């Protein structure tokens, strides 16, 4: 797969502003930063005496991080580019992309190349390298369903390591890289398996409604139709981070057991829920937050978005600590009313 630039000595950027590298727009600073354009550059920094002993943080699009303070260490800006069809067989295409590739642009490229499958994940902010960490998902599809493998550099040793799905240990918005592997690896390339036998994934009512509004029979929808519908839905519901700082969905949709759900539904008959294959029930976190009266409310310059209660926004001048205080207030109220604990999606530093 082509990389954006060859291995070369890495220039260090002292006292580096991270404002442009996090979608909340927080003006945190790194003690030192480095732009990384190849796996070899990640590896070279493992042995570089200039940064020995420093904590390390890999940043892609910065769409899943909340800086509550400056980062007193080395920030590695993943700019590894490249995307290609690496092989195919009778059943599927295998496509690989660099960790620094923009996720949405990569999804659009797969469709332009006639390889559908990722269209439900359109317009999710961030990079290809961040997608496995979070096991991103939307509108009835999780990334893990099309994941084949990834390559990552172990930051402490510079070793290039291959991960299959089992080793990644994917869960709901979760993976090995958010648990035991947190902070240990930089994902430099991801390979996806896109089956040639494609059918539209249109189980979510929002997608079916958007297709109908466009005069498209859901059963005959093409991948591009689904892509366009998802993009339209997300643009209508979610603020553009360039206009209003945010990190997308701030809370995971909680999953509870059937007994707890039955008791909750007895008190809240109109609660929004989604039965899971294992018998548990997923709740809509946005609905819980809205019912607690938080939609559209602000604490200082941090606020809950007026159209989507799952999204916390920076109205201008908010700090990471302000957003975190708002998140804690929301979690407290949801727990008090529903007995359900919300888990935050972004990493707070």
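Using N, Cα and C of the backbone, Cβ positions are placed for all residues, glycine too.
The active site annotation in Swiss-Prot covers 173, 345, and the record cites sequence analysis as its basis. As annotated by Swiss-Prot, active site, proton donor applies to 249, with the evidence given as sequence analysis. The domain 'FAD-binding PCMH-type' annotation in Swiss-Prot covers 26-197.
Just so you know, the Cβ of the residue listed as 'active site, proton donor' picks up 21 other Cβ atoms within 10 Å once every protein chain is counted. Counting only residues at least six positions away in the same chain, the Cβ atoms of 64, 134, 173, 247, 248, 249, 250, 251, 252 sit under 8 Å from the Cβ of residue 345 (active site). Every protein chain shown contributes to the tally, and the Cβ of residue 173 (active site) ends up with 19 other Cβ atoms within 10 Å. DSSP gives residue 249 (active site, proton donor) a strand state.
Over the domain 'FAD-binding PCMH-type' (26-197), the average per-residue pLDDT in this prediction is 95.
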